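These come from Swiss-Prot:
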type	residues	note
LIPID	19	N-palmitoyl cysteine
LIPID	19	S-diacylglycerol cysteine
REGION	146-172	region 'Disordered'
SIGNAL	1-18	signal peptide
């Protein structure tokens, strides 16, 4: 995100350098392109800043969702005294509870994104989709609490719940896979909003067609 902000600052600088401030009188926050198009830099900069902040928040959600893949690698494992991992089959209750906590945090963060003002209908739809998929996953874990909500949850049942590339996904992994797909789509849309805002500054001026006087 720091690199993105630096790029935005550079873009604004280039706009100042390339714009023609001659012609009609402009307000302090306005510049004019060579074709006469007037840009309100305050509004455009605000749009870029808001879109970037929203995309950063979505990235946080995506990072949480993807972290479940790393947690799934600990199924049937324990820490050894040398810092590595050793086998400890059938003791996955705490691991499942940790995944539940992560996805619950996703649901809360997505709920906060729903309250963001000024976002597009496309983003609103994709936010709702992520929230719905998170709820579906949490409900699936709740439905399987008999097998999953105990200290000695088996490796097989745990894989079915939190390992999204497992062959059997009947205890939550299928819902987790759907959540991943939904959050990927939301992040792509959010980043698209940033690019669109930047493009408003950098879109090339259309060349005027030469007059054809006979």
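Note that the numbers count up from 1, one per residue, in the order the chain is shown.
Just so you know, glycine gets a Cβ as well, placed from its N, Cα and C.
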Q: Using a Cβ cut-off of under 8 Å, list the residues of the same chain at least 6 residues beyond the region 'Disordered' (146-172) that approach it.
A: 68-69, 71-72, 75-76, 89-96, 99, 137, 140, 180
Q) Per DSSP, how many helix, strand and coil residues does the region 'Disordered' (146-172) have? A) 11 helix, 0 strand, 16 coil
